[in-house]
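Here is the structure we will look at, set down as structure tokens.
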Amino acid sequence: IALILVCWSVLSQAAQTDVEGRADKRRPIWIMGHMVNAIAQIDEFVNLGANSIETDVSFDDNANPEYTYHGVPCDCGRSCLKWENFNDFLKGLRSATTPGNAKYQAKLILVVFDLKTGSLYDNQANEAGKKLAKNLLKHYWNNGNNGGRAYIVLSIPDLNHYPLIKGFKDQLTHDGHPELMDKVGHDFSGNDAIGDVGNAYKKAGISGHVWQSDGITNCLLRGLDRVKQAIANRDSGNGFINKVYYWTVDKRATTRDALDAGVDGVMTNYPDVITDVLNESAYKNKFRVASYEDNPWETFKK
């Protein structure tokens, strides 16, 4: 009887925890570690509180993804020159996001690839998408066999490079893994007019899985006007945006302003600063750090 009571108690607590988790009405927040371009930085940023990272991807003249590299200039207070070969970084990232791996970081649930397509001609965008997909499929998703589990956002700086999205999707389909597009989202990062961004997605045939970024280097100031426009689109009921993130946010006051505006993600050089603000009395009952169970393509409903 005692054993039965103990089992019942454990089951009751588990059920209560599950109900409480589903009943949590706080907005999930993605704390996005900025400019994570060396494998060693993955652990560094996650250990500081990031549940997602942003990684720069440079391309060679033939539209092959080549390095995880930003270069000069970059954010104030950061080294701009850390890098890896792209495929080596993907392997390190796979280790960090594959359950059971010795390097596994359970908190790391989303990766934004900041695609530096400015070096490419417009007519290379589709090919860049195909080559990016082939590399991710082999080195990150392990050809669909127990690869990394993180969600991926393809962030494109130029609206004219929307064919990259189709190239990426077509390549995964060609290689027999169209289901992996369930793990892929999209972002145009050039701070273009929201309407123009929407038109680019129409041309690309994309509806859903849309993150909208807004921001500027931490060396400069930028207001929240466009962030609020993106949030209005997200919350309109008929907009194309699912999530909004703001970059680069390093100060507590800026973090509070972004949270007050209603963002879903904050990209930062200092994840611990964002974590501290989320734990403040004014925010801890409204926001929480997103977990893997939070769908990054789902528009949060209050």
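Glycine residues also receive a Cβ, built from the backbone N, Cα and C atoms like all the rest.
Of the listed residues Cys74, Cys76, Cys76 is the one Swiss-Prot pairs with Cys219, by disulfide bond. Per Swiss-Prot, the candidate among Asp88, Asp114, Asp122 that belongs to the Mg(2+) site alongside Glu54, Asp56 is Asp114.
Candidates considered were Cys7, Cys80; Swiss-Prot assigns the disulfide partner of Cys74 as Cys80.
A strand conformation is recorded for Glu54 (Mg(2+) binding site) in the three-state DSSP classification. Looking at Cys219 (disulfide bond) and Cys80 (disulfide bond), their Cα atoms lie 14 Å from each other. On its own chain, Cys74 (disulfide bond) has Met35, Cys80, Thr217 as residues at least 6 apart in sequence with a Cβ closer than 8 Å to its own Cβ.
Counted over every protein chain shown, other Cβ atoms within 10 Å are most numerous around Glu54 among the binding-site residues Glu54, Asp56, Asp114.
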